[in-house]
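Taking it in order: structure first as structure tokens, then the write-up.
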Amino acid sequence: MAIVLHSSPLLWTRLAALAFSCVAFSVAVHGAQLGHGTGDWCIFCWAFSFAGTLLVILVELFGLQTKAPVSWKNFPITFACYAALLCLSASIIFPLYFLKGLSGSSSVRDYRIVVTVFSCLATIAYISEVSISKARPGEVAGYMATGPGLLKVCETFVACVIFVFVSDPVLYDRHDALKYCMAVYCICFILSAAIILLCIGECTGCLPFPFPRFLSAYAMLAVVLYLSATIIWPIFNFDPKHGGNKTRPYTCSSQPGLCLWDKRMAVAVLTGVNFILYLADLIYSTRLVFVNA
């Protein structure tokens, strides 16, 4: 089997991401003493990113792209985008839980600082890979290499983070309006994930309707749903008339990580972020339909 090695900025960026993510989870396991369940999530982010990048490099090294069961125009950049978001989340969560309030010059603290630095470096490397792989104007590329495709990745990732915040403890069972917001998050996540899987599996041609028009219709629906959730979630969590609390409790300052109020605020902010992402997706998708027409 012939080994194909073409030196390029994309290859060096992937090798850098591979090295940085490897150092991050290796040092974390070796000496960071992560006793909190959040540490397991961070290690998963780095290890998953490392394993996926290694797989992409090996497939391209041995020229196995045509034998892969997925669309190689869409898979590498989709994975790189998810890896960038995973490493970014770990770069934020890790110091928040394991460096905040930790004083002294112990070796554990030094290990955790090294982990944070290499996690940030891995994030930069993956963002660079996405930037290099992204389709340029007039360039023929897979859907996931375009703006709307990358937005789909961001939308699903933000939804996953929302699921984490609302599930431990459960934040949506106090009122039917909050359950409606949870339904919005689930419906939009499932449809966006399905679109990504269709593109990676090159199954968009199997749909009984034009794919671009479906994207526009779905983006419009998602914008309406997320707009309603962006309004409803803060009202029923922070308005005293509906049992909410608009001021942050003083006890939150002494708690490690995020308290209950912080998680509700995080969900409100992330809901607004996803609304903006879906709005940008709608503009992209509508433009795509009219340009094709």
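Every residue gets a Cβ built from N, Cα and C, even glycine.
Note on the domain 'MARVEL' (5-138): its mean pLDDT in the predicted model is 88. The domain 'MARVEL' annotation in TrEMBL covers 5-138 (among others).
The domain 'MARVEL' annotation in TrEMBL covers 143-290 (among others).
Here TrEMBL flags 41-63 (among others) as transmembrane segment.
Taken from TrEMBL, the feature transmembrane segment applies to 75-99 (among others). Proximity of distant same-chain residues to the transmembrane segment (75-99), defined by a Cβ-Cβ separation under 8 Å and at least 6 residues beyond the stretch ends, is recorded for 17, 21, 24, 28, 32, 34, 36, 38-39, 41-42, 45-46, 48-49, 52-53, 56, 68, 109, 112-113, 115-116, 119-120, 122-123, 126-127, 129-130, 133-134, 142, 144-145, 149-150, 153-154, 157, 161, 196, 199-200, 256-258.
Residues 13-14, 16-17, 20-21, 23-24, 27-28, 30-33, 42, 46, 49, 80-81, 83-84, 87-88, 90-91, 94-95, 98-99, 102 of the same chain sit 6 or more residues outside the transmembrane segment (111-128) yet have a Cβ under 8 Å from a Cβ within it. Positions annotated as transmembrane segment by TrEMBL: 111-128 (among others).
Residues or ranges marked as transmembrane segment by TrEMBL: 140-165 (among others). Here the transmembrane segment (140-165) has long-range neighbours at 71, 73-75, 77-78, 81-82, 85-86, 89, 130, 133-134, 171, 185, 188-189, 192-193, 195-196, 199-200, 204, 215, 222, 258, 263, 266-267, 270-271, 273-274, 277-278, 280-281, 284-285, 288, meaning same-chain residues at least 6 beyond its ends whose C-beta is under 8 angstroms from one of its own.
The transmembrane segment annotation in TrEMBL covers 177-203 (among others).
Through the fold, the transmembrane segment (215-236) approaches residues 148, 155, 174-175, 177-178, 180-181, 184-185, 187-188, 191-192, 195, 242-244, 267-268, 271-272, 274-275, 278-279, 281-282, 285-286, 288-289 of its own chain, all at least 6 residues removed from its boundaries and within a Cβ separation under 8 Å. Per TrEMBL, the feature transmembrane segment maps to 215-236 (among others).
Residues 146-148, 151-152, 154-155, 158-159, 161-162, 165-166, 171, 181, 185, 188, 216, 219-220, 222-223, 226-227, 229-230, 233-234, 237-238, 248, 258 of the same chain lie 6 or more positions beyond the ends of the transmembrane segment (265-284) yet place their CB under 8 Å from a CB of it. Positions annotated as transmembrane segment by TrEMBL: 265-284 (among others).
With DSSP classes pooled into helix, strand and coil, the tally for the domain 'MARVEL' (5-138) is 102 helix, 0 strand, 32 coil.
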